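Asker: One structure is given below, represented as structure tokens, and several questions about it will come after.
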Amino acid sequence: MGGTPAGPVPDASHDFALWEKRVDALMILASARGHFTVDGLRRALEDMGEAAFEEMSYYERWIAAINQNLVEAGVYSLAELGEKMEEVRARAETYGEAAGG
Amino acid sequence: MPHDHPHDHDHDHDGMSPSGHPYRKDQDTGLSYWQCMEIAVRELLIEKGEVSAQEVARQIDVMDSRSPANGAAVVARAWVDPGFKALLLKDAGAACGEMGFDIGPLQLIAVENTAQVHNVIVCTLCSCYPRNLLGLPPDWYKSRAYRARTVREPRAVLAEFGLTLGEDVQVRVHDSTADMRYIVLPARPEGTEGLSEAELAALVGRDSMIGTGVARRP
């Protein structure tokens, strides 16, 4: 990444979506609880490989990395996550409705 | 690294937000896999008693309340108070703490722009940024192009921001890490001798503290 050739710096900016701000908040709160450090976040991000940096958005990579660290720390299991995601998906078609606000 | 994917694939080009930014997909579009994961992770953390919904909401409030105005206040103080400036350049965390801006356990380093030296900050690895002083980083700071090129051809990148530096000005690029962040102390513009601290702070924009810009002239 650093030092590799790349195109013009994009000048776009956007307002962060609520779900993105929540991901950011979860990172801070979960690390404050001592479940992982910013190094743990970074390790998970770097393990994703280059494709993840081209295909996923910034906070998509973050929630994936937070989740990986929480599973590794034993806060919940992959089975619990799968079950919960199924439950969430069954609630509604949109983020707002599925999240209940 | 290939750079041929559409950058703005998740932007809605039909409308702009009140702040002049394109809207992002949010509450009213289909639930994505990763949004679903965010809800699931948050609810699991709440169920396990790790965090509360109120804490998440409060954290977002704190995040929203931080803006480049914090950094601008620090810069203006450094411009008018030589003792504060000396402390800022020696121990930026302590100096910011004096002004009520908690930097936490991070090491914060302030680098001073002068007529001879222009500093610019980047995080080539991800997005490390002095967010306690500047709020969340702008999209371009996190972009692959900025991270890749700033360390390779900083003058060309700065020129894209409208900042063309003379060959006699040395450019120093500072690559941030998770626990070591930088903030640029921009040079005080000429013709500002009579201005108050608050008037000076109004001249200090976000980009001048990243180094992709300079402080405005009054």
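Each residue, glycine too, has its Cβ placed from N, Cα and C.
Per TrEMBL, the features are:
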type: COMPBIAS; residues: B:1-15; note: compositional bias 'Basic and acidic residues'
type: REGION; residues: B:1-24; note: region 'Disordered'
type: DOMAIN; residues: B:35-212; note: domain 'Nitrile hydratase alpha/Thiocyanate hydrolase gamma'
type: BINDING; residues: B:CYS123, B:CYS126, B:SER127, B:CYS128; note: Fe(3+) binding site
Asker: Just to confirm: which same-chain residues, 6+ apart in sequence, have a Cβ under 8 Å from the Cβ of B:CYS126 (Fe(3+) binding site)?
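Answerer: Looking at Cβ-Cβ distances below 8 Å from B:CYS126 (Fe(3+) binding site), excluding near sequence neighbours, one finds B:LYS142.
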Asker: Which binding-site residues (B:CYS123, B:CYS126, B:SER127) come close to chain A, taking a Cβ gap under 8 Å as close?
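Answerer: Filtering B:CYS123, B:CYS126, B:SER127 for a Cβ under 8 Å from chain A leaves B:CYS126, B:SER127.
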Asker: For Fe(3+), what surrounds B:CYS123, B:CYS126, B:SER127, B:CYS128 with a Cβ no more than 8 Å from their Cβ centroid?
Answerer: B:LEU125, B:TYR129, B:PRO137, B:LYS142, B:ARG147, B:SER176, B:ALA178
Asker: For B:CYS128 (Fe(3+) binding site), name the DSSP secondary structure in the helix/strand/coil scheme.
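Answerer: Once the DSSP labels are grouped into three classes, B:CYS128 (Fe(3+) binding site) ends up as coil.
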Asker: If I take every residue in the domain 'Nitrile hydratase alpha/Thiocyanate hydrolase gamma' (B:35-212) and average their pLDDT values, what number comes out?
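Answerer: Here the mean pLDDT over the domain 'Nitrile hydratase alpha/Thiocyanate hydrolase gamma' (B:35-212) amounts to 94.
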Asker: Can you check which residues sit near B:SER127 (Fe(3+) binding site), meaning Cβ under 8 Å from its Cβ, same chain, 6 or more apart in sequence, and list them in order?
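Answerer: Result: B:PRO137, B:TYR141, B:LYS142.
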